[in-house]
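In Swiss-Prot this protein carries:
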ACT_SITE  Cys405  active site
BINDING   48-49, Gln126, 172-174, Asp192, 238-239, 259-263, 268-269, Tyr317, Gly487  NAD(+) binding site
COMPBIAS  550-559  compositional bias 'Basic and acidic residues'
REGION    550-572  region 'Disordered'
Amino acid sequence: MSGPRPVRAPRGTEPSALGWQQEAALRMLQNNLDPEVAEHPDKLVVYGGTGKAARDWRSFDAMVRTLRTLKQDETMLVQSGRPVGVMQTHEWAPRVLIANSNLVGDWANWEEFRRLEALGLTMYGQMTAGSWIYIGTQGILQGTYETFAAVAAKKFGGTLAGTITLTAGLGGMGGAQPLAVTMNDGVVICVDCDPRAIDRRIEHHYLDVKADSLDHALQLATEARDRRKPLSIGVLGNAAELVPQLLAMGAPIDIVTDQTSAHDPLAYLPTGIAFEDMADAAAKDPAGFTTRARESMARHVEAMVGFQDAGAEVFDYGNSIRGEAQLAGYDRAFAFPGFVPAYIRPLFCEGKGPFRWAALSGDPADIAKTDKAILDLFPENESLARWIKMAGERVHFQGLPARICWLGYGERDKAGERFNDMVASGELAAPIVIGRDHLDCGSVASPYRETEAMLDGSDAIADWPLLNAMVNVASGASWVSLHHGGGVGMGRSIHAGQVTVADGTPLAGEKIRRVLTNDPGMGVIRHVDAGYDIAESVAAERDVRVPMREGDEAHEGDAAHGSGAAREGDGV
């Protein structure tokens, strides 16, 4: 009988599948469920409250079995964590196509999703859980680091030294926050209701210390701030209680955000319920639990707004807590901005986003060599060099060794081709898997996060992630995914992902060049279409073809030369 057991990706240079593309998908699926990586591997939950890698253990076994026998001209189809077919395609086609959690508009809500999930018909794939490219907390670390660096540049003279940040949530995503703040030389208090999450972040060196109480946490924070010493402090408790308490205490907080699992009310602990009773309470009365969770979120957000009124820099970190608080009746829920319009969108306009890779060999030396390759490729990028150096020194690998760094249009393809050459020459022991978060410049429609406050009002236009998925299929990605609801919950986002394998072959090189050009290119054209000047400049400088812009240029040229004048070649 298929059921829970420890899962770990194979290491080494010998594939058990019929090709490295299939082997890569197999190893990354298994890596997502490695106990070092997944939050609740026995339940197939990788991160984000309920984000799963497979619908059930029987489906997991079927995917493993199928990937091992999949031919070089075949494609496995995965419907919400279950393999539903194998089709003959061709060598340029993806080996796996994945669709997770997608529901028709009027049915796209948590209640209907849970009804269908209970029937065994779907699963919640989050972003990289169901698309098999989660690499542990490092996966969000640089984005979090860059966000806090942007906060520092905006308000604190380029450093967080001498500041205290308050946040909550130390799960797979939120667990990046303490290290991201201390990398920017700041002090941070991190609240979580799960003692295991706090202990795990300390074990993985993302969190420095655990406070005995809220008063103790504040004492540690102020002492470190006064010495301008970086320090991250975990404190056990319910954010809906502790954040308002800190506000009432007049705590000297400079920055406030949140990464609890607010996107799913059943994953947010209401006040008055003990953490140990949370799962039973949610299962027994999901509607009542949801109401109580939203009421608690409203108090949490009200306190965040209170800190903003007191002068703190406050932002939503993309977990939909503002929307949930608004549903509970709090009318100032959107008084503070989301992190993308506040800090990240200029990077998106340049086609920049979270480029990540993993060493299928399992050898950390392969990542060290790729780190050096990145530094050699982009010697002028000082912030990238600082990140790679810090990551090499401070990031704990979870599962297969991996790295993330933000690269833009015209950079990702260079990195991918270099990695492929290194595999071909034998410098790397085994192929490299290259992917990204779905949180990227041109792959998401999410009005509460990535596409919040778009210049042209196109926040909810969902054509872009669909086009992104299709162009990655057409370009030769190894597997492509199209999900709904990741990050912010059902009905609030549609997003796509791609993974491409550098196996050292000339064919892989051709695929890499296309995928890693076209994928970030979608970010450039999406922001050109929305009217962003930065994106317009990038498109012009780097020869990104945008037909509507070409039409405008042609029209301007005609006007300049006289539209009625005969021109050479017109046949007149």
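Quick reminder: no glycine exception, Cβ is built from N, Cα and C everywhere.
When the Cα atoms are compared, Gly48 (NAD(+) binding site) and Cys405 (active site) turn out to be 21 Å apart. Looking only at other Cβ atoms within 10 Å, the busiest spot among the binding-site residues Gly48, Gly172 turns out to be Gly172. The residue listed as 'active site' has Gly172 as its nearest neighbour among the binding-site residues Gly172, Asp192, Gln259, Ala262, Leu269, going by CA to CA distance. In sequence order, Cys193, Asn238, Ala240, Phe275, Met278, Ala293, Ser296 make up the list of same-chain residues 6 or more apart from Leu269 (NAD(+) binding site) whose Cβ falls under 8 Å from its Cβ. In three-state terms derived from DSSP, Cys405 (active site) belongs to an extended strand segment. Look at Asp192 (NAD(+) binding site): DSSP puts it in a strand. Counting only residues at least six positions away in the same chain, the Cβ atoms of Thr167, Ala168, Gly169, Gly171, Met173, Gly174, Gln177, Tyr317, Asn319 sit under 8 Å from the Cβ of Gln259 (NAD(+) binding site). There are 29 other Cβ atoms within 10 Å of the Cβ belonging to Asp192 (NAD(+) binding site). Just so you know, of the recorded positions Ala262, Cys405, the Cβ with the fewest other Cβ atoms around it within 10 Å is the one at Cys405.
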